[in-house]
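Take a look at the structure below.
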Amino acid sequence: MSMAVETFGFFMATVGLLMLGVTLPNSYWRVSTVHGNVITTNTIFENLWFSCATDSLGVYNCWEFPSMLALSGYIQACRALMITAILLGFLGLLLGIAGLRCTNIGGLELSRKAKLAATAGALHILAGICGMVAISWYAFNITRDFFDPLYPGTKYELGPALYLGWSASLISILGGLCLCSACCCGSDEDPAASARRPYQAPVSVMPVATSDQEGDSSFGKYGRNAYV
């Protein structure tokens, strides 16, 4: 049962990592509909790297942000958190492949495989937390500006990439928790643990010779012809 949970957790963590990788370059982190000028610009959508605008004919133009230092602090932090989440998830994926019990890489014992699987699970949990913090922080700034009546700039709404990122972070955390469960039961099911115990020779108690046995042995020593 634990092997099935471990394999399922690895599958969930892999899916979460792939979804995080799709979320990062997605263009629809925030979307805004501009009602004032429907001839030239209809919709503006942005992500962490660039901004795009579509006109009424369906033609869109994209441009990257001009300077990283000129960006808001939360956008720079979200970039760093998302990249960190993907790197942690990728490292956890490599350790998870080596730590699964259904794989045979390097001839590792089950106890060591359990430790590798638990480490991979912890990395996936950290990756999910980093992604969750980045996306929630970005969404908080969108909603704060949207409900601020004194905000002079363009107001945006939550884009579909944020919902994808929230789902990816949650899946990564759940997959990491399933992988961490292997650390608890991996050592108990290790058949090689008993083989590593030191050898103990069996203790046998020698019987003490009685007087009758001594008499028989002395009689047998002289033989029958000695008394004839």
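Every residue gets a Cβ built from N, Cα and C, even glycine.
Between Ser111, Ser217, the residue that has phosphoserine written against it in Swiss-Prot is Ser111. When the topology recorded in Swiss-Prot is consulted, Asn47 and Tyr156 turn out to share a side of the membrane. The two recorded residues, Glu64 (site 'Important for Na(+)-selective paracellular ion transport') and Asp55 (site 'Important for Na(+)-selective paracellular ion transport'), have Cα atoms 18 Å apart. Here the CA atom of Ser111 (phosphoserine) lies 46 Å from the CA atom of Met68 (site 'Important for the formation of tight-junction strand-like structures').
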